[in-house]
């Protein structure tokens, strides 16, 4: 069992104990018993608050999905503790007012006080229901917020991958352009070399033709002059 679960069980047990003490306090008429119950409740309420704080510290160490669930539970637990604190204060105020009423009012006024306390209890029940509904709405809000956060994280992750893909494609495009540039320079160099070789070849051919013509001229020119002189 984790430390958070232990805190949760201790808190549930403590809240049940406080609720039982408050219920006994509402029915108790003995001053000594009331004093003992008030002492127990006064020591238990700060302990419950401290447990909530410890649970809040442990929740911070959880992953986002678990954290949202326990945050909702913490909100409901805090609301329940506040309700018990308010009920405890109203119970003590009611008992003080009843004690004062018994010393100053007659029996008819006592019945009126009982009806007032019933109205107060009804208001407390209504407030408890409203707090519970508020806690449920907070839990649902946390769930929606966590789902939105997860969706946003997924979108950012997809955008990050797409950015890496675009950067890789851009790098490959630059490499391709560089390769094309080198290929173009190599092709231009080969064309210039072929052109020079062609020019040299033409020059050699012309020289050869001239040499053959000169050789033929030198070969046949003397014999022609000899024939004419004879």
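Residue positions begin at 1 at the first shown residue.
Just so you know, glycine gets a Cβ as well, placed from its N, Cα and C.
Please treat TrEMBL annotations as automatic predictions, because they have not gone through curation.
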Residues flagged as coiled coil in TrEMBL, choosing from 156-186, 187-217: 156-186
Which listed span TrEMBL calls coiled coil, if the choices are 39-66, 67-94, 95-122: 67-94
Composition by DSSP (helix, strand, coil) of residues within the domain 'T-SNARE coiled-coil homology' (123-190): 68 helix, 0 strand, 0 coil
